[in-house]
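The structure under discussion appears below in the form of structure tokens.
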């Protein structure tokens, strides 16, 4: 019963989050589109680069062409193109750009060297203590220990 309740709560939370994300993405795309195509007047186009002059809003049939971005119709190419949201790339903004972190190889070698040094020191210390303890047990006035002769 408790497990079923937990699953129910998790599913409700996931549903609420997905609805909120959909609302945020649609409002974000509207804001981006509005800032991208501010004005359609000739004066505005005269100040814009040539590429932006060739772009128009997508037709209704291409409305869902871009997966994670904004759709624009290129008049010379006569095909829809996408302006991807941050973190996405590809022709239809279908690929998520993953962050990669390269570790400096010298740091790794130093860490491995220190680890091996500590391990070797520990093993040598254990061997030294074992031999010394053994030598003390065997040492008597009449016995030889570690090459020493008795008095």
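Including glycine, each Cβ sits where the backbone N, Cα and C put it.
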Swiss-Prot annotation of transmembrane segment - which of the ranges 109-129, 130-150 it falls on: 109-129
Least buried by Cβ count (within 10 Å) of the disulfide-bonded residues 58, 82: 58
Among 66, 71, 84, the most crowded of the disulfide-bonded residues [Cβ within 10 Å]: 66
Nearest of the disulfide-bonded residues (82, 84, 93) to residue 71 (disulfide bond), judged by Cα-Cα distance: 82
Neighbouring C-beta atoms (10 Å sphere around the C-beta of residue 93 (disulfide bond)): 20
Reduced DSSP assignment, residue 66 (disulfide bond): coil
Residue distribution over DSSP helix, strand and coil in the domain 'EGF-like' (54-94): 3 helix, 17 strand, 21 coil
